[in-house]
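Features reported for this protein in Swiss-Prot:
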- Cys31: active site, thioimide intermediate (ACT_SITE)
- Asp38: active site, proton donor (ACT_SITE)
- Ile53, Glu54, Leu55, Tyr72, Glu73: substrate binding site (BINDING)
Amino acid sequence: MKKDLLELFDNSFPDRDYTIEIVNAEFTSVCPKTGLPDFGTITIRYVPDKSCIELKSLKYYFLEFRNAGIFYENITNRILDDLVTLLQPRSLSVITEWRARGGITETVSVNYSQTL
């Protein structure tokens, strides 16, 4: 996945704590074991510091996962790592909710918080 696709813009309110929530209800990837498609919803919540993520670039970043054979846990942590590295937010969480396969669903969540 190419994190260099991600673009930022300046936070107009860097002195204020506020939360941005982004939901992608059409995320797709490929199961590395079976080669079958996986479908999920990705929710990103963050408190920006100096920058915010530009949504069109995030959409193209997500599309990079479409044909990638990657486990749910790896996707969730990869997105967090890439966004934290780029944004340097005050806090950020990624929640991935995966549609049922064989009657089983999975939700993976990971959190980051700046240390002062």
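Quick reminder: no glycine exception, Cβ is built from N, Cα and C everywhere.
DSSP assigns Cys31 (active site, thioimide intermediate) to coil in the three-state reduction, placing it in neither a helix nor a strand. Of the recorded positions Cys31, Ile53, Leu55, Ile53 has the largest number of other Cβ atoms within 10 Å of its own Cβ. Listed recorded positions near the residue listed as 'active site, proton donor': Cys31, Tyr72 (candidates Cys31, Tyr72, Glu73; Cα-Cα distance within 10 Å).
Nearest neighbour of Cys31 (active site, thioimide intermediate) by Cα distance, taken over the binding-site residues Ile53, Glu54, Leu55, Tyr72, Glu73: Tyr72. In sequence order, Val108 constitute the residues six or more apart from Glu73 (substrate binding site) in its chain with CB-CB distances below 8 Å.
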